[in-house]
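Down below is the structure, laid out as C-alpha cells.
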Amino acid sequence: DYNTMASADPFSLYEMGSTISVKLSVDSMNALYSRSLLFTVPIVARALGNAEKQEIVNLNEMQPGMLVTGKVIKIVSHTMKISLGMHVVGCVNATEVFDEVSNEIPFANFEIDDTVTAKVLSMREVASNRHLPISHQNPVTHRRLELTIRPSKLKLAPPELGAPVITWKNAENFVGKSVIVIVYEIRRKTRSLGVLVSSDIMNATIPANFLPDNSEEYTSTLSERYSLGQSLTARISHVNSQYKVMNLSLRGEHEDPYETVLRPGNQVMASIIKPVRGLGILAEVVPNTSGFVSITEISDSYRMGIEKKFSLPTHFHRMVILPKMKGDKHMALSARASRVDEDAPEPANPIIESIDELKEDQIISGFVHTSSKGFGLVLSLSRTVKAFVPHEQIQDKFNDKTEVYYPTGRLVTGRILSIDPNDEHKVVMTLRKSRLHGDAEEGQISIKNIEEGQKLKGYVKALKDYGILVEIKHGNNLIGLCHKSEISDKKNLKFQEIFELGDYVKVVVLKVDPVKNRLSLGMKPSYFTEDDVEFDSDEEMDENPLQPVASLVDDSDSEDDSSDSADNILQAMRQPAPSDSDSSEDEEMKEAEDSESSDDEPAVKKELESTSFQWNDFNVGAPKKAAESDSEEESEEDSQDDTDSAVPKKVRRLEKEREEEEVAQIEEELLDGDKGPETIADYERLLLATPNDSFLWIKYMAFLLSMTEIEKARAVVERGLKRINLREEEEKLNLWVAYMNLELMYGTPESLNKVIDRAITYNEPKSVYIRLVDIYTNAEKFEEAEKVFQRLVKKFKRSKGIWIKYCTFKMKNGESEEAHKLFQRAIDLLPQRKHIPLINKFAQLEYKLGDVERGRTMFEGIVSNYPKKTDIWSVYIDMEIKFVGDIQAIRRIFERATSLVLSSKKMKFLFTRYLNFEKEYGDEDTVEHVKEKVVEFLEKSANQ
C-alpha cells in the first residue's frame, strides 16, 4: 500500500528483486483478493536533485491536536490551503481563523508563500474526481487535513483542541448555542444569508425571518448591510442532520425565533411555493418550515382563481401568522391586507372568525370546499367556518348531477337558512337564485303575511302519494302541501307522471295555520281565471308563448353550468300533450269528467282550455300567428267541428318543429366548436367526424372521470389509440400521456408501469420519458422523476435538452450543488458544439433559481470568448434587467457590447436594444448619448 507515502513516483524508489522491510497492516484482505495480506511500505527518502527539498510527511503519523508548519499555496473565498510537505496539503476553513467577531476578512492578512503554524483538527476522506475500474472503490478518495489557526486553540498544549468542532454528526447537540459564522453568500432570491459554520457544515442558512429585522426594507437591502467574508455571531435554531439542513438566527443569543418570531399574530415574510388549486397557497416561512394560506385568507376581495394571484415562484409577501387549528399540517398564514396593514380599507369580504358573527337570512360569499354528488356542497366561508348547502338548495332546477358543476374553489354567493351550533351542519345555506335574489316589490313571503285565496308561485319540492309539496318562491324555505284532491279537476289523475321535482307551478292558498305553521294549497284549473294565465309575463315569459318561463331553466352561474345537455333543454320545453297516447288518455278522462261534473263546470274548463294553460306552468296558449296561418289553410267547417282539439295538435306540431330546430342548432354548434360537448352522445358524434383529434379523446376521458367512470375512461383511451391514424404520431403520444396520467391518479403502480412499457414500445422512448418526467413532477412524485432522469441521462447522454431539463429539476428542488455536478458531467459528455447553448441555458437557470453571481460569471465567460454572439449579449442583458435591475451595471454591459467591431446588422440590433432600454429606464441625456454612439459608429463605417 503506497497511500502512506508522499512521493510522487513511489515505483522509482525500488528495483525488481530488491529486499524491503514491510509492516503487516491487514490480514485476510477479502475485499479485493481472497486470501491476501495488506502490507505498508515504510517511507524511503531519496535525493531530489536540483529541486527544492521538502520534508516528507507520513499522514499516518498525523494526529488531532498536533502542531504543524507549512506554506500558504492557495487562498480562496472560504479556504486557505497550506503545503505541509511533499504532496501533503492541509486546509484552514474561514471559521477557524478568529476567536471573536472581527471586521476583517478571514484571510486578508495572508499571502501566498507565507509560513503558517497551525494545529491539526481532523483527517477526512474526501471524494475526488478520479474514477477507477468497477472492481475498485469509486470515486477515488483522498485524505485531507483540516487545520485551525485560531489563537485560542494554538495556545493550548498539544494535543488539546479546546471546544469540539461542529459537524453534522454532533450538530444537534449545539441547538440553542451561539457560534461564529462567516457569510459566504447573500441570496437575493430568498432574502437570506448563506453562512459557514465549520469545515463540515458549509451551507447553513440565516432565513429572512431570523434576521434582526424581517421588514421589507431590511430584507430587500441585504447586500448593503452584509458583505461576503463578514463574521457574525449567530444562534443555531434548527438542525436536520439527515438532510443536512441548519437554520441560524441573528435575533439574539437567548431568543428562540421559533417561539418569538413564528408565533400567532406576528408578521413574517413568506415566499410562494405553489398554489393549491381551489384550496389556497403553500408558502415557505423559513427553510423546512412551510405555511398554508387558506383561499379565504388570500385577499380581502374574493374572485375566481384567486390563488393564481400569488402563483409567481420565489415572490415574497408579508403575511400574518394565524392560530393553528386542529388538523393543520402547516403553519396557518393570512395575506389579507386588512390583517397585515392596520390602515387598509374595509374588506369587501369581511373576516369571519366564528359562526357567532353570522345571522340567518344573511347573504354571503364563499368558496366550494368539497362536493358530494347527490348530497350537497361544503363551502368555506372562512378558514374556521364551513357551511353546508343541501343538494336541493344548489339550483332552482332539479338535477341529480348538480354538484359536478361546482368544483373545489368555485366562488359562490348564497343566503344563510339556519345556524345551529349543536347541529352536524352548523350553518346551512342556499344558492338557489330564486331564494338569493328576492323580488324587491314583493318582499319576502312568510306564513304570517299570507292570506287565504292568495295566488303564489313555487317549485315542486317533493312528490308524495298524498299530494305535492310546493316550496313557495321568495318564501324563505316556506313549504306548503297541495293535496292530491286539489291538484286537478279531473279524477284519478296520475300527477306523479305529470309533475317532476323542480317544476315551476302556480298555486292558490286554501288554508293558513300560523300556529302549526301549515299551509294548504290548491292547483285546480278552476281556481284560476284567464287573467291568472298571464302572470309575470314581463319577467318570466319570453315573447314566444311556448317558451318556458325563465325560472324553469336555472340561469345561475350560466358560464360554469354548461353541461345541461340538449335533452335537458328540450325537456324544459315540454308541452300539454307530449304524445298521442297521453292525448287520447286525456280526452277519455275529459269525457268521463264531463259526464259527472256540474252544469257550470264545463264552461269554466272550456274557457281555460282555450288558453291551453297547463297547470304545472310549463307553457301557455298556442301562438296566435301559428293558429291563424293554420286556420287559413283549413276549411271553416273543420275549424268549427274541431275547435277543442285543433289547438293541442298545432301546439304539438310547433313543438316538434322547434325541437328539430333546437337539435339541429346544437349539432351545428358542436361541430363548429362554439359549444362544448356535454353528453356521451355529443362526444361520440364529434369523434365520428374527427377521430384523429387527441384533444377531443382526452376531453371525453376527463368527462367520464368527472363522473367517476374510471373503467369507461380507460376504454375510451384504448379506443382512441386504435382509432387515431398511425401517421398521427403526436396525437397518439398526447393520448398516451393522458393514459399515464389516468393510471397515476386512479390506477396502481403495476397498471402504470404496464402503460409506460406500452407507450415506450409504440412511441419514441425519449419523448415518452420526457413526458413521464413532467407527469411525476406535476404530481410531486420527485423520487420517481429522479429515477426517470437517471435513466434518461444514461440512455441519451448526448442530448443537451435532457441535461438542461435535469439541471432545471434539481435547481427547482433546491439541490443547487447536485445541479452543478450535473452541469459538469454534461460538459464532459456533450460535444464541443453544444457547450455554448448549454452554458447559456444553465446561466439563465442560475439567475432564475440559483446564484446570480454564478450566472453572471458564466455569461461573462461566454461573451469574453465569443464576443460576436449578439444573442448571448441579448440574453445576458435580459437576465440582468429581469432578476437584478441594476441600471448602471446593465448600462455598462450595453457600452461594452456596442463598443465591439461587428457587422452593421448586429450593431443595429445592439444599438436598437440600447436605445429602447434608455427610453424606458434612462433620461434625455442617456438617450442622446446612445444616438451619438450610433452616429459615431456610422461615421467610422463610412470612413472604412
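Positions of Cβ are set from backbone N, Cα and C atoms, glycine also.
Here TrEMBL flags 582-601 (among others) as compositional bias 'Acidic residues'.
TrEMBL lists 629-644 (among others) with the feature compositional bias 'Acidic residues'.
Residues or ranges marked as domain 'S1 motif' by TrEMBL: 65-137 (among others). Secondary structure counts, DSSP: the domain 'S1 motif' (65-137) has 3 helix, 35 strand, 35 coil.
Among the features that TrEMBL reports, domain 'S1 motif' is placed at 176-251 (among others).
Residue counts for the domain 'S1 motif' (265-336) under DSSP, helix first, then strand, then coil, are 8 helix, 33 strand, 31 coil. Here TrEMBL flags 265-336 (among others) as domain 'S1 motif'.
What TrEMBL lists as domain 'S1 motif' is 361-432 (among others).
Marked as domain 'S1 motif' by TrEMBL: 453-524 (among others).
The region 'Disordered' feature in TrEMBL is assigned to 573-664.
A Cβ distance under 8 Å defines the sequence-distant neighbours of the repeat 'TPR' (800-833), meaning residues of its chain 6+ beyond its ends; these are 203, 766, 770, 773, 777, 782, 785-786, 789, 792-793, 841-842, 845, 848-851. Sequence annotations record features per position, and here TrEMBL assigns repeat 'TPR' to 800-833.
Each residue in the domain 'S1 motif' (453-524) gets a DSSP state, and the totals come to 7 helix, 36 strand, 29 coil. Using DSSP to sort the residues of the domain 'S1 motif' (176-251) gives these counts of helix, strand and coil: 11 helix, 33 strand, 32 coil. Mean pLDDT, taken over the domain 'S1 motif' (176-251), works out to 90 on the 0 to 100 scale. In terms of DSSP helix, strand and coil, the domain 'S1 motif' (361-432) has 7 helix, 33 strand, 32 coil.
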